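Step one of this worksheet: look at the structure below.
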């Protein structure tokens, strides 16, 4: 039995070796020479252009190395300040529980499946990571071939659940070329990640023009999904395909307007609605008035699904309350803040304001030709449970989801490719920044610090400081995420 087991193990290992596979706990990788010819074609295409391309990348990589340290220091100070001034808050825990913290533009992009990364967007997340990693390694590979370094192969790997890529270069050749040539190779990955992020940003910015023949914009926010547990879900609520044009008196021409209007509604006090004194007298009915725990007033039965308590004032009393049917009061009424806003045509009118709990708002959502949706609740619940798009199909057969898919994927590419560029530029052990720093010191300090051993000591101390700075940022970032 033991001999049979050993034979099976040997056969399995031979099979893995034949196909370039390597499997270990939490890590699996695949390496191949299938793409070597393509890499050599890219590395020998227009040598003068590639020289300029990777020279620009070298300058960018060196600047990014110093810039990343500044960003790390700034972000560390911001995180420490935030820890001292904010109390941890509870988080939604309805998703996976794997954590990765990365930096981008001096801010934490905390990607925590299970805390702040929706399960529905895992495909975007992992695809963007893989593409960013592949583009990064393609940069290294093409630059190496351009500098006459032998290219052995290309591969991809999965560490726990996160995908990535790598290139296998002949180390001896890499050590024999000049420090400047090494810099072009080591900076190429960071440079290509930046270019990928910039290209994604341009596509995102020009998306309305790119999709103009098929979709038009600037007419409202198109509903693409309404969560089952959303307060906007129901017979009088929002449906996929509805076009939202107004929130209260705030016009909505795009998703950005929708978010902005909801933010304003959340921050400002509840608006009122104009109603004639005669109508108020006709619609109101006696009800018991009592105060809630937060100090606000309720004057309607808790069992009512159509009536809301409204507060108003007249010339004699500034604290009057009436239980009124919400839809009859709000429909065809203009919004107001005071009674003065309602004076017109010599008809005595009053401004009645919903008497709701402190964070609750009554919001009128216009989505013609349907009847207005009247929403009572926290404005942010609408933002979290209703998905929208600024792109409206010109033809019925066109997908309403395609622009959202492109938008979302571009945003993930911008964030994750940019984050890879920033992190890999950090002078830290095992990152591109280690090799960029070493080559940079060789290229600039060889005449000032003659002894190679001394230059290596300087590099080691800088790498130690950079590694400690990055570790502190990641540790505090993870602590902030999990504590919240």
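Glycine is no exception: its Cβ is also placed from the backbone N, Cα and C atoms.
Looking at 94-112, 227-245, 246-264, the stretch flagged in TrEMBL as transmembrane segment turns out to be 94-112. Looking at 124-144, 151-170, 190-212, 412-437, 457-481, the range that has the most CB pairs within less than 8 A of the transmembrane segment (50-73) turns out to be 412-437. Against the transmembrane segment (412-437), stretch 190-212 has more CB pairs under 8 A than any other of 124-144, 151-170, 190-212, 457-481. Over the domain 'Peptidase M50' (124-464), the average per-residue pLDDT in this prediction is 91. Beyond its flanks by at least six residues, the transmembrane segment (151-170) meets 20, 26-33, 35-36, 39-40, 43, 98, 100, 126, 129-130, 133-134, 136-138, 140-141, 144-145, 185 of its own chain at Cβ-Cβ distances under 8 Å. Within its own chain, the transmembrane segment (190-212) has Cβ neighbours under 8 Å at 54, 56-58, 60-61, 64, 131-132, 135-136, 138-139, 390-391, 403, 406-407, 410-411, 413-414, 417-418, 420-421, 424-425, 432, 436, counting only residues six or more beyond its boundaries.
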